[in-house]
Structures are given as structure tokens and as C-alpha cells.
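Have a look at the structure below, then the notes.
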């Protein structure tokens, strides 16, 4: 061991923790550990505080005081330093250096530690010594047996340390005393070891010394655990004394002032004060990594103070071992790597199965025998399996675990701090123990000039520097004025900060309920000046500040125990909870007090006056958000008795689930607590009989008990009717209606007869009450004691509970619902009084057979019947009640099957609609009731299918008679208010029509399948159409496009306009609100309810809502709020299914059924919520039905279904009648479609159409008039009442004539079914849509396109797109031209004789626009997507594809003009047509504009270099011009199969196209039309032919001058740039006046990242190396392509084909992308490779990129195959030649071209943006974050360059240089981390360049019209905006001047733009097509005019 090592002990007793450190050589013989050695901690959260004794002595030499290296400098404050070290060093060093490190649990008890120190004994040095008991005494005291063992000499040799001794002795002691507790075992072992060491004959040896030390350690631990609670001194006995330490160390310190320091303020980074701290350690501290702590049995290793090992080399001790641990340079690490940055969790290898403290011994130095032991505070066996082995240690408690014993088990030790599952559960946070130790080590360097100070450099409160007061127990520092209350002066003596003195919380906080400002603390008076004038009054004490206090609920305690906790306590003990609360709540203003009683203030004030207890509770609890119910006892569910005989009760609180039940003491002062205890014991006695444990005061006399319980034998005959209601009912205070009494009699009679029954009264007649009274009567009359099982929908369970309380007060009713935990508690405590009647735990187990059931009634939901069937199925039930029993209508449902397996004596089913759909369901109900009688479904159905109606009814009546009772409200309540149902027909809104048509078109195939569509798909279509009738926002697409508010809710206006129903609802609700009615709104779709919520919020109505997701308690609360007198809620939103069950909302008198259910019964269920007992007003029911839609048809079918199936007697109704036949579905779907598609044809005058329903105020008033009796639809009225007449008493069948009438009408409709209906209606829409889809598929996997509901289903809208734009804005530029004007259909018809075709015309069912039919419009769009905008002379060029050839120039130009105008029309893409009524045909502005823009950039780039690079990529392949002239001047491209379509045209433009190739798809990369495929095959078949045909140069007129002579070739023209600026990264690229020569082709022309070996795996995705960012900014001279000019070795490389062409053509090409893409990096590498290998053609580089772009200009976007087949671009094929024999060669090649083009496209877009930024003079404000980043980068660069030499010098061994290098590296690291932080913040601060329209302050349209006249040219406005991408005549010279005025805002300073900068560079993602904003046309179209000479040196601004 090194001299510096200390032995540290941990001892735990029950109440205290103690940590002792003392020099290893020193044993208790010398002296007692004084108060600084032993610190007592009250509480289990032990804070470890250590004090250093002197260093360990070498061998047996007497201990000297520590030797310091540099004494002189320290002498003056030596004593203070020692003192400080004693007091606070360990406390202060437990933290990381970082100021932010929070001190977790350590702070807590420092205060107590200090105050509880023991007072010094008599005198300074002499301490009272206490006898240590011998092992024999201890054993005697504890009554244990001693071990007889005589130690041999060998024992003394082998048992050299405590560990070995303990392993030897422990089993012996355990054998004698098998049940000995661990603590006693340890104490005895310690005593034994002490005696063993004392008797050791070999004492003098080194081994003995070490052994003695370990013994002392163990002894102290043991003595402490035994005796420390009494805190009496302990006397040592034992090994020989070592010399005591020098007196100086023991002297009491002089009084001193508390420690202060000068802080450096928040920004300052701390540096270690010690120059000798090795680098590795610094790194560790910087990262705040705790050291790796592995405990491995007996590995040789050296124990450092910090609790880690550093394994030591065998060479022997280091020379400086005594001086300092730190100097050895070893860092805490078990693995031996000094600088491992990340540590793994500490592991410990225990001895198998032994439980003991672990003392590790190890030889200190090779060759020496000395062994020292140390003890860790962790157990060395696994907590779970109690075995040893390799275990990991918890950082927050002494437990240890195997990795595999954890749950979930771990594969490897976790890194960093780790807390065990126990601590996690108890909420203990880790203690930074290792850091503490780590820093102690650092602090202990002997030669340090000044003490290591770990206190924070800034004040913990204000985060500022200055003179700070440092805590003696932790690293916190404070200004004295920041404390609360502020201190007037620095205090004397030791000072502890508020965190260290913060009291511990009384438990774990469950949640924070409220906060408030507390009282400010009392001020500290200023001390009197000693020399001051006594007359001068003392300064006024500084006032404290108020601090926040939090009202908290504790885990495991009830709300009665809630109390206030200080903010500091929460911050320390519950940091995460505190932070979350802070984040979610306003921490400046306390939350408003919530008068939890929920009543308005007036009522609660009155109540407070009357009830002082309530006032007190309000004051103390209720106003902080605690509901009174939560503090009200619901019932006591169990009791327990502690050792002292005190009773504790498990209390279930009202309105809280069972898992929040809490144990309360007997004496708790809770209202009604006594009564509940009384009833608990009384019920227990009833069930269990006499209980000896029962407290005497609760014991009842036998007689009293009998009154409570049921009679032991039946008191009357259940078959005898009650004429008046029985006494036990009257006692409850309730009165039954006569019909309910009849029901009760009938139920009792059936019970007596053993007949299971269905109670089928109509809704609202009180089936629940009749059932409860029936069960209660059975109990009270002694027929049965239960238990009864009631299964009901979750929503009605609360209602059942209430009714049971009311009508059956003596029943013990348990509600079995809730989560797993709640149900586990119910099973354990509520199923039986016997303790282990049922196994505990979350899984449900069977109940023991003989166990007595504790409850009378168990209420549960359907789901739990199936989920917990193990527990529930094991009980024998006297009666089962199923509420809403139509859940059993399907015998396949799990509920049916599970319930069938329960043991049940009697069954009662309740349902308001017994015969919902058909006989089959009725049969299943009967089958469930009496399976032995009803078990043949087929027989049953047949029997009732073929007899006449009368017989059927009679027979069914006889069959059902005994089992079913049904009464109607109409029969029972003659005076109940009437109800009127109206069907309200509503129009579809335009948006709904669009979606409706789309759905039909999209599903054309399903509708039209000859075998009749599959039923499921038809139902799906129907569902979609129903959604559409409700609201288009139910489709995700529409919802995405819809306008929203910042809160995420839909914007009200648009929401209402989009749906016909909402428009009507808006008007109705306003009127209803005025008239004071209240409304229930039912919808089947919960999403629709969401929309209705947004609608009601927008309209400002208060509402409640219930749907399937809102469960029992919340439901009932909502209902109660709505029904409360004077409630503000105006509407109640319900989902039809969830809201139809047992809910009473009789306070509302208007029901709106927003969408009808398929099943009319569900709707009846729904409106019966309002029309029920308790309703005082007439009920109006409005059923919204969309006119001419599936809804209207469904309503008709449903009416029929009501009539027929309600009778349960219609022939042929068998099983299938309930579900709709395909025929019916088809009929429903057809309904109204013809009219819908016809609608558009009438054009604009639809509003006047008489069939359109328009609701004005008058109509609404009529609709809401409650006096109308006649329903427009009398039959509906009658239907609904219809067999609400299945009375068992009398069957009445009314209105049979009407029934037949309706049937007939429908059957007639069914007869004349047109088999081709869908074919005629939808075929062409469908085909059109398929074309659209194919076009939009693009390449690769189709991105699911937004559902384009507007396209497809209209004849006149052949191919509309999901990206439609519609706008009412007039187009000012085109108004004067008739073809541009918006014209009515009539005008158009009259203009047919005019030369231009009309704007819109219908020809043979197809719409034509300006004479262009669908196919031609599609062809035109395809051409645009292929070549960009048509050039000026497009009509005379090959741009005009085959489909458009028939058009005159005028028509063509007019259409181009119209197309452009539509492109620029602002507005959402959602509308069906453009502003002028032209259908939007799949036109996505964004895509088209993007494509036009990209093609424009490509064309311009190619034109820029075309005159230098010529037209042929390999001029040697150029065909002989003489041969060429014989061919037609309009050569077809090689893709044409025959060369013979010579439609000559006078002038060819550079963007020639091949007329014969079909148009590509929009993103035509992947899909080719069949024609293309054919061509492609032909191309492969006939390569020779193609090469023969050759390819003529595009325009002979413009053919490049013959290749220059050799001399000329070597010197391409160099034209100087106007503004050459050396670019700083991030500065503006100068804009040359002449782009052709604008830059040298970046450094060199760049090489093939793919040689021939791999032409495909591009490096496009490499990130740009840092140094190269500037390489484009540094504008190199424009030298053409010098590096590319071949040396002599390349010269004759012309593939041997044309020897005569020896000179290389000139070549020049560049894209100035500012380094924002990786293009230039690629080019550099590729060119390097190409030049060095001489394979200029075979390695892809800059030259190939140019020709790729040229090919795209000629052949169109992504026509890779055409380009490869064109001889002009032969160079593109060169790099792939070596791959040609591979299987996937073509695909590989095309993929590479596509990827490469994406990169070029990206670079072009960025270049364009840079140009715009320059043009706009955009510059960045210096204060902007982007500039800070820029400055930091420059700083880093400068720093790096200026210190390059250091690394060489440092390596050469120059130590100062080494130190400086480290400093520089640290600075660099800081700079880089700052830059990293800046970069992460950047995106938020960046904004985009405003759209061009905003920058020019012009609308898109006016920009477009300006563009029509390019520059200053005088020619008149042409009939369409000229193709802005055609080259202006002067292109290539300086650009034409910008038109005056067009650029008004051009000079706008960047500072006027929206804040934020514009740098978003795609440097590391794959190249993506940079999406343009809507400005694309504007901005790119205006390229010609958007230019001017740039300013130099400005910041690059990019709009990505």
C-alpha cells in the first residue's frame, strides 16, 4: 500500500450511518476516533463525509506528519489549511468541476452531522476509552453458542487478513447458531478477529500490521453497529499500539471565519490549479465520468482512496510513491487504460453464497508480504439469489446484483451511475461517491501550492461571480446578499448552505397539487461593531424574500395527509417532478384557487357560513384542487393489527379507484369514520359470524344483527303478487310506478318458476330499478343471499351504483372495474374476508371453493367478464343480470361463449331493443337464456319463415310469452310529452361533391365488376361516401390542406363552409340558443365529434362530450354537469353507440342526429336519452340526411327495415335479412350519382335550380317550430314508434298497407337495374384517372399520392389533380383578351364562329379547353414536364409533339398563355377549377414550376458554354456534313424507329425534340410508355443502323466553327472577370458579366470517382472536407480547362476512328455552387484521376457532366436512354464500357445518371440562389448568429495555423511546447464545441429569402406580364407570355438590362427582410431536388431580368 492510503469504513445501524476513516496502521489502541473521524448521521439517506488522518506508515516505522514538498509557501496558513482539510475537503470535493453538477443526496444531513458531533472528552488530548467487548462476552450477552476451535500455527500463517479469517470462521459460527442475524455475525467475527490478531505469534511482520489494520476496521464497523445508537464512547482492546500521531493534528482548531473565495462569473471556464494533474485525469474530470469500480474477489490490485483499483506493475514501487498518488499519473480505471473515457458499471465478484462485508487484501509491492485489507460498504452476494459471483454494485445503497438476476436482465454492466431496482422504486438518487473520492485524491497532492478548491466559481442563486461564501459541506457558493434571508456579514466558524441544511421530506411525493408564495424568513440582525460608536443605531437588517411552497400529495398516503413542502426540498429530492411542474405551470403567478366543490362561489359562501367544518376544509384542502369526495370515506375494505395491538384500516375513498386506497390509523379524525368502521365490523360479523379479533365497542347484540341481515328462511311465496310496494322499498324513500311493480311481480314469478327472462321495456322506463328491487326482494325475503353478478356497459356502471345505493341500501355492492392494480386490490380485499381466499397479484386466480364471498352484488363490465374469467368464473352466482343484452345477439362473440361457461342459477337479460335486426339475433338471446330449449337455429328460422303473419305472431307470442316482457312509453305514460322527428335534407357543399365523385371514380372497378362487387368493398365505399356526406375533413388529405388555427383546431369559417350539414347546424343552433333550448348532437364517428368540438368552440357554445373513449366516472360527471340546474352547457356531443346506453339527459329537448346509423335502433336508443321519464318539454328530433346521396337511400332502407324486422315476422327474413344484400348496397350507392355528375354540366346557374335546398331564416324558423304536429314524413314517425309494440300482452300491427307500399316502390326500383350503369357513368373518368396515376407514379416506389378527390369523377374534369389551385382573383393582364376572360357558358356558345375555339366546350362527353382535348392537354403538360417551358418559337420547333401538330399557331399560343396564367394563379391546390372555370387536371403547380425552373437552369447553363464546347462530345464521331445535308433538316432522334418522318421546319432551336417520342411521365425517370419500350428494344437491336443514320447537329446554321488549329487549341480565350474577389468561405460569389468564362473550371476539371472499375458507386454523398469549403469562393483564374488539355500522351486518343482530328477540342464548364454541394470536391478528385491515368473519356468527370446536361436539354428531363443512344453525347457511354457485360448494366447506368443529375440539379439551384442573393445585395447583420459562427470559424482556423509548429516541437520533447500545445488544443476544443452549439441553434434562427413576389413587391401575375416584354424590347405583348426560358437574342453577351420599375425593391437592404439568415446547405444529405416555393416561376422566369453586376464581398444567402 502507498503511504497515502487510508482505510475507510461504513457501518450501518438501524437509525444511523457512520463513516470512519483512519490511517491504516493506526488501531483503536492509540486513541478513539475523534469527532472529526466519526460523524453521526440521523437518517437512512446517509451522507458520507470523510476526514483524513495522517498517511500510512511504511512498514513499522512510526508515523510522521505529512511531508510537504514546498513548505515555505504554505507555512503562513498551515493551520487553517489543515483545519479546512479536516472539516470540509471531502465534503467539498464530492462534485464534478462543472458548475452545473447538482449535489443530490449528499447535502441533506451535513447540518445534522455537524451538530451531532460528540463533545470532546476531558482535556484536548486524553480521550475517554471504552472497553471493547470480547467475543465470549458478546456471545454470552446474546445467548449464542461459542465455537470451539484452537488455532494452529498454520492458521496464523494462512489467515493473514480479515477476509480469509471471516471466510474460515463464518461457517463455523453459522453452524452452531443457524438463525444468527447478519449484524451480530459481523460483530462476533470482528471480535474474534481482534482476539486472533492479538494472539498472533508473528505479530511483528508486515502481514500482521496489515491484518491489524483490517481488524481494527472491522471492529469499528461492528462496534458501531452494536453500540453507536447510544453514542457512547468505545474503548479499544486489541493489537499493540502504534505511536500516536503528532499532537498538532489533534489540537482543536482556532476559531476562523467561514470560507470565502473570489468567483469568476458564469462565463469563465475553470482550469485545474495544479499543473501536475496528469492529462488523463483532466479529461476524466472534464467529462465528469466516474471512475470504473470493479470489485473482483482477490485480484491483486491497489486500492486507491476513491474506491477504485489501479493495478500496479510488477517493477516495484514508483520513486515518488510517498509524495502523491496523483503524481504516479494513474487514473481511476480498473482496466489499466489510464485515459479510458467511458467507464462501465462497477462489478464485484462475490464469494458464492457468503454474506459478509468484503475486505480485499493484496500484496502492495512485488516481493513484500504485507497485505492490507479494505472494506467496501457493499454486500458481496446478490440481493436476489443470495449467491456470490460477479455482481454489480448499486451506487445508492449497499445492495449488489448479478446481471441475470435483474428484471429485465442485462447483458453487460451499465455505464455511469447505476441505481438498483430497489432504489429506483424508493426514489433514491445516486450519490456521487466516486467523484468525492476522486477529488479527495486530487486535493491530497502533497506538493500543491494551494489547496484544491472545488467550490463553484459563481453564486448558486444569481449565477454571477464576485466574493462568494462557500459551504463547508458541499461545493455550493453564494453571495451573502443572495441568501434568504441575506446575511449582513460573513459568518464565523463553519457555515452550511441552505441545500445542506434543507430538512428531509416526510415521504415520497406523488404529485404537486398547487403552489403559493410562503412567508419571507426572519431577517438576520447585523452584528454590533466592536469598535463602533454605541450611540449609532445598528444598521437595519436585510429583509428575506418570499419563496414558493408546494402543496403535495404523498405516495401511499391519502389526501388528508397532503401538506406543504418547500421549493428547495422538491428541487433536491424530486428534481424531475419539480422541473416538469415548472415547465407546465406559470411559476410567477400561483394558480387560481379552485373551489373544488365545483359549485359557484355564492353557494359555497353560504355553505361556509352554515358549516364551519366545510369552511375549514375549504381553507385547508378544497381550494387547492382536492375534491371533497376524495376525502370522504367510501368504505373500509380491510383492517390490520400491529404488534402493539393498534388497529389500522384500509380505506377506499369516494371517486378514487381502489389502487388509491390507503391505510389509516384507528384514531384518524375523519368525518363518518366511526360509522364506516361500525358497518365494516357489522358486515364482517354477518358474513363470517363472531370474530374474536373484533374490537369490543363494535360488537353487536344478536337481535340487532338479525335486523340487518336476511331472514334465515324464506318469509313469503314469490309467486304471490305484491299489490302495494313492500316495506323494505318504502323504507328507501323511493316509490315504484305501477308498471314497475308489475314488472317486479313478473320477475319474482319467473324466478319461482325457474324461467330465465328478458325484460324488454322501452328505453327510459326504469329497467335498472325493477332489476335492483327484484334482487333486493329475493335477499330481503330470504330466498337467496346472493351473490349476484351484474354486467353492464362501462358507461352505465356508475348509474347502477347510484341506483343500488338508493333502492337496496343493505346490499354490499362491489364495482369490479379499473386497471390491473385496482382489480388486484379488489380481489384481495373485497372478494372475501378470509385472508388467502384468492391468490394475490395482478393475474386473476380462482377463488377457493370453501371461501365465503364478502359481497352481495358484483358490478362489472362486459370486457372484464372475459378478461378475469378465472376469478369470476370460480364463484357460484345466484343470478346473472346482463344490461343492454343485445351484446349477446351473436353466439360467436367471446362474451357469449365465456358467460356461457359461468356457474349461474338464474339469468335476467335487459334490453330496450330485443329484436334489433332479425330472428337470428332473437334466437341467440333465447339460446343463451335456455340452451336446452332453443338450440336449433335452422329449425327455428324455418318454422317462422313459412306461416302466415297471424299464425307467426301467435306462435311467436306463445314462444316468447314466458320469457319476455315489453312495455312502451306510449302505453305506460299517457301524459309524456310528445316527440316529433323530422328528416332534414341537406345539400352537399362543393368540396363534398368533389370528394364524392372522386370516391366513386376511384372505386370504379369494384362497382363495375360483372359478378357484382364483393360485399366488403361495397361497404367500404359506402362508408367513405358517408364520411364525405358528414365532412370532407374526415379524409386525411382534406384535413392536411385545411386552414388551421395556431392551437391546431380547424379554422371555423372554412370548417363550416366545407360541409352542408354544418352550415345548416350553425343557423339552427343560433336560433335554438335564443329560444333557450338545449341540444344533444349524435354522430357515429368520433372524428366527426372532434370536428363538431372545433365548430362549437368557434361558435362560442359550452358543451360536454361522451364517446367510446370516455369511461364510467368521467361520463357520469359530464352527465351530471349537463343535468345540473342552471348548467351553462348548451350542447351535448354523443357518439351514437356509446351515448345510447342507459344515459339520462332529460334536461335537453332537442336531438340532432348528425348522421343516421345503419341500424335505426341505435338512433332510437340515442334519442331516447332525452325522451324519457323526467322530460317536461316536447322533444324535437332532427335527422340530417344529405340529399341525393347514399345517406338518403340508407334512411329509406332503414325505414323499411324498421317496419319489417321490428315485426320479427316477415316471411323470408331468415338470417340474412339483417345484413344488406349486394343488390341493396349497389342500389344505395347508385342513388343520386347521376344528378351529381349532371350538376356540373348546367354550369354556373345551379343556385337558381329549384331542386337545390336553401335554408333561409324563414325556413329555419319553420323547421324549429315546435307546434307542428305533422311530420313531413309521417311514415318515418310511425315507423319509429312501430313495434315499439312488442308487448307480450297484446300484439298490434299497424299500418300494414303503408308497409307494402314502401316495399313495392323499392322493388320496382330494383327491377329495372341497368347492368351498364357504372360503365356509362364512370368509365372515362376512371380511365383518365388511371392515366394520371401512371403519370404520377414516377420512378421507383410510388409515394402514396394525396387522395385526389377532385379528379376523376366528372366528364368535364378529365384529369384534375390533388394539387389544385382556385382563385377568385381576376387576372389583370389578360382581361383585354377574350380567350383569357372568364366567360359564361352561353357567351362561349355564341362565340363558336370566332377563329379561336371556345375556352370550354364539351365534345362527345369530353371537355375541350381552347380546342385542346384531354389527350392533347396531357401531351402538352408532358412536353412541359419534359423540356420546360416552350421557347418563343416553340410552335415551329420539335417541341411541338405529335399530338399537338394539328393545332394552329394561334391556338397553340393561346393555350400556352392560358397554361402559364393557370400556373401563376395563386390559391390553394384544393379547388376543382381555375378561376376561369377550366378544370385543374392533375396539375400540381409545385411540380410543374419546379420542373420548368430546373429545365431553365439546365438550358441556361448549357447555352453559357455551348459556343466553347460545341455540339459534339466527341467531335471525331461527327458525321460528314455533306452526307448530312441530304437528310431532312428535321432529323429524328435515334429513338425513332423509322427515319422517314421528314416534317421539315425552317428553324431549329437548340431545344430540339423528337416528335415521335411519347411524352414522359411527370417524373419520367422510371416508367416508359409501351411505345418507348418498343423503341428501346429496337435501339438495342439496331445499333449499326443508328450509327449509320448518325445524328445531325442541332442547327446547321449555328454549327460551331471548325475545330481550332493546334496552336489555338492550347490557349482558350480568357476573359477577365469584372469583380474578382478572393472569397472567404461564406462570402458572396462574384457574378461575372459573362458566364461563359466565369470561372476556371474549379481548380481543375474533376476526375472519375469511378474509374472504369466502378462507374456506379458515386461519392455524391460524401461530406465536403472542411478545408475545401472555400475552394469555390477563392475564385481561380479562368483558364478554360488547362489541366484537361491533354499532354502529348493523350493526343491521338480518338478511339482510332478519325485519325484526321488530332487536336483536342476546347472545353469549359463550371457551376458556382459556393461549396454548398459536394460537386467540386468530386470534380477535383475525378479530374485528378482522369489526368493521371490519361483516361479522359473513360473516367467520369466535369466534361461528362456538361454533356449530360446538354443531352437533357435536347432529349428532355431524365431521358437517359435517349441520351445514351445519341451519338452527339457518346462520351457519356465511355465510362460504362467495361461494365457492359453485367446483367443489370442498363439499370446500373441509368441509376448513376439519375443520381449524378440530381447532384448537378442541386448545384444549379444553389448557384441560382447565390446569384439572386448577390443581385438583391443581401448582406448579413454582424450581430446575427450565423456571423458569430463565421467569426468563430476564422478564429479556429487562425489558432490552428499559428500553432502548427507546436506538435513537432512537442514530439521532439520540448516540455513548454507540450504545455502550450495542450492549452491550444483545449482552446480549439472549446471553440469547436461553441461552434457545434451555434450550429444546432442556427436552423431556428434562419429564415428563407422572401418569395420573389414579396421582394419585387409585385403580384405573381404582374411579374408574369412584365416578363412578357423582355428587357427593353419594344415588341408588343404577344398572345401568351413568351417562354421565359428561351434564350433572349443577346444571350451570351452581357445580360439585357432590367426593365425600369420592375426592380423597385431590388436594392432592398437585407436588414429590411424578415430576421434570420439564409444559409441552409445540403452538405451532408444525399442530393435532393431542392424544392422551390411558389415563387419558382416568378423567380426563375425572371432570370433574364433578375441580373445585375454583383457587389463583392457579401455574405452568401441561400434559399434552400
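Glycine too: its Cβ is placed from the backbone N, Cα and C atoms.
Listed in Swiss-Prot for this protein:
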type: BINDING; residues: 761, 762, 763, 764, 765, 766, 767, 768; note: ATP binding site
type: COMPBIAS; residues: 78-89; note: compositional bias 'Basic and acidic residues'
type: COMPBIAS; residues: 1377-1395; note: compositional bias 'Basic and acidic residues'
type: COMPBIAS; residues: 1562-1573; note: compositional bias 'Basic and acidic residues'
type: COMPBIAS; residues: 1579-1595; note: compositional bias 'Basic and acidic residues'
type: COMPBIAS; residues: 1608-1617; note: compositional bias 'Basic and acidic residues'
type: COMPBIAS; residues: 1632-1706; note: compositional bias 'Basic and acidic residues'
type: CROSSLNK; residues: 120; note: SUMO2 cross-link
type: CROSSLNK; residues: 295; note: SUMO2 cross-link
type: CROSSLNK; residues: 302; note: SUMO2 cross-link
type: CROSSLNK; residues: 721; note: SUMO1 cross-link
type: CROSSLNK; residues: 1222; note: SUMO2 cross-link
type: CROSSLNK; residues: 1238; note: SUMO2 cross-link
type: CROSSLNK; residues: 1308; note: SUMO2 cross-link
type: CROSSLNK; residues: 1573; note: SUMO2 cross-link
type: CROSSLNK; residues: 1585; note: SUMO2 cross-link
type: CROSSLNK; residues: 1876; note: SUMO2 cross-link
type: CROSSLNK; residues: 1971; note: SUMO1 cross-link
type: CROSSLNK; residues: 1988; note: SUMO2 cross-link
type: DOMAIN; residues: 494-594; note: domain 'Chromo 1'
type: DOMAIN; residues: 748-932; note: domain 'Helicase ATP-binding'
type: MOTIF; residues: 883-886; note: motif 'DEAH box'
type: ZN_FING; residues: 379-426; note: zinc finger
type: ZN_FING; residues: 456-503; note: zinc finger
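Counting in whole angstrom, residue 764 (ATP binding site) lies 24 from residue 721 (SUMO1 cross-link) by their C-alpha atoms.
When secondary structure is read from DSSP and collapsed to three states, residue 767 (ATP binding site) falls in the helix class. Counted within 10 Å of its Cβ, the other Cβ atoms near residue 762 (ATP binding site) come to 24, all protein chains included.
As a whole-number mean, the pLDDT of the motif 'DEAH box' (883-886) in this prediction is 82. Taking the Cβ of residue 767 (ATP binding site) as reference, residues of its chain lying under 8 Å away and at least six apart in sequence are, in sequence order, 759, 761, 883, 910, 912.
Note on residue 768 (ATP binding site): other Cβ atoms within 10 Å of its Cβ, all shown chains, come to 22. Mapped onto three states, the DSSP output places residue 721 (SUMO1 cross-link) in coil. In this structure, the CA atom of residue 762 (ATP binding site) is 23 Å away from the CA atom of residue 721 (SUMO1 cross-link).
With helix defined as DSSP H, G or I and strand as E or B, the motif 'DEAH box' (883-886) counts 2 helix, 0 strand, 2 coil. Counting residue by residue with DSSP, the domain 'Chromo 1' (494-594) contains 20 helix, 21 strand, 60 coil. Secondary structure at residue 1876 (SUMO2 cross-link), taken from DSSP and collapsed to helix, strand or coil, is helix. Residue 763 (ATP binding site): 24 other CB atoms within 10 A of its CB, across all protein chains.
Note: the CA-CA distance between residue 768 (ATP binding site) and residue 1876 (SUMO2 cross-link) rounds to 68 Å. The Cβ of residue 766 (ATP binding site) has 20 neighbouring Cβ atoms from other residues within 10 Å, across all protein chains displayed. In this structure, residue 761 (ATP binding site) belongs to neither helix nor strand by DSSP; it is coil.
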